[in-house]
């Protein structure tokens, strides 16, 4: 019987390494796919590990710029904070991973793709809905969801099949990381009353160890895209790496969140997003300076829906695409520079400027330079308040009657 091909999203961890052997037993030739999203790991080692475990081919693709320009940038310009706190770290990378799975499957003539998600998380939905949107004819296999093993049973299977056991297997945490941030769950974090231990963090310094003097950074934007840091031009991925280091040193971007998962349960996770939270703060302030009132007031309603769509795995949905088109239109004047103070866990905007600034000092000032037409206020107030005045007059007549 001829073997079928399957492309597996491979991380190098226990689950996806065991999945290679498990898929082979199901008569599949496994092609491993590992993406460099800026997590800082030795991915060449991961690529070779897949081959040593039994994959017939192994890809390692650097997608850092694509991730930042086509995925994280949407989150930045859309101010996507799920439930007001979570900047969508993992949710942003899943549609890109799904896209690459489909591309490699089509390139290799594979009939299926596979991922290492469990049956109780959000990621299984994000992967599979995205894959269905991109190629509805591909079979999707979820080995971890299907085999239903305990951790002990999985380790026993790995030992029986000569699958290398990761040296960090004793770590209680489940971690996912990319340039936009780092998420951490499991272990003691499953108790919402327990304080996260310091070893749950990696990108940020605890407040008591942060510098006692603030650091100032100037972030330059062009049409909503951060392009410079302290006057130096960077690619988006390099800017993120530099700012992650700067903001992380000051303890910025730690988030402890109990969130409502798509699958109906609550989960407690700890996030670190030093650069993301700094950029989100700066970008919002620049929008406040450059967007007209109607757009500035309407945009948050769109942002909430966009956030939910991305969190729920609907990146490739028609509504999400339409919302992004609106988003891009709003960014045409969001150019300028924002000065941010980094200090003791806070990113505080202390200055902003733009050639598209709608702030007119001569209209806003209370000095002798005031150019505002105060006489116009009388007629404006009369017309603006007319509906309320008429309503009051009508109802007072009824009371008197």
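Note that Cβ sites are derived from N, Cα and C of the backbone, with glycine treated the same way.
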Margin query: Suppose a student reads Swiss-Prot and sees 9, 10, 11, 12, 13, 14, 15, 16, 17 listed for ATP. Which of 78, 84, 109, 116 should they find annotated at that same site?
Written below: 116
Next item on the list: According to Swiss-Prot, 86, 122, 126, 174, 259, 271 bind L-citrulline; so which of 111, 183 is the extra one listed there?
Entry: 183
Item checked: Site with most surrounding Cβ atoms, counting all protein chains shown within 10 Å, from the binding-site residues 122, 183 -> 183
Check: Per DSSP, residue 259 (L-citrulline binding site) is which: helix, strand or coil?
Finding: strand
Next item on the list: Could you check the binding-site residues 9, 17, 86, 118, 271 and say which one's CB has the fewest neighbouring CB atoms inside 10 Å?
Entry: 118
Check: Around residue 15 (ATP binding site), how many other C-beta atoms are within 10 angstroms of its C-beta?
Finding: 20
Notebook entry, point to check: About how far apart, in whole Å, are the alpha carbons (Cα) of residue 174 (L-citrulline binding site) and residue 15 (ATP binding site)?
Noted result: 12
Checklist line | Residue among the binding-site residues 11, 174 whose Cβ has the most other Cβ atoms within 10 Å | finding: 11
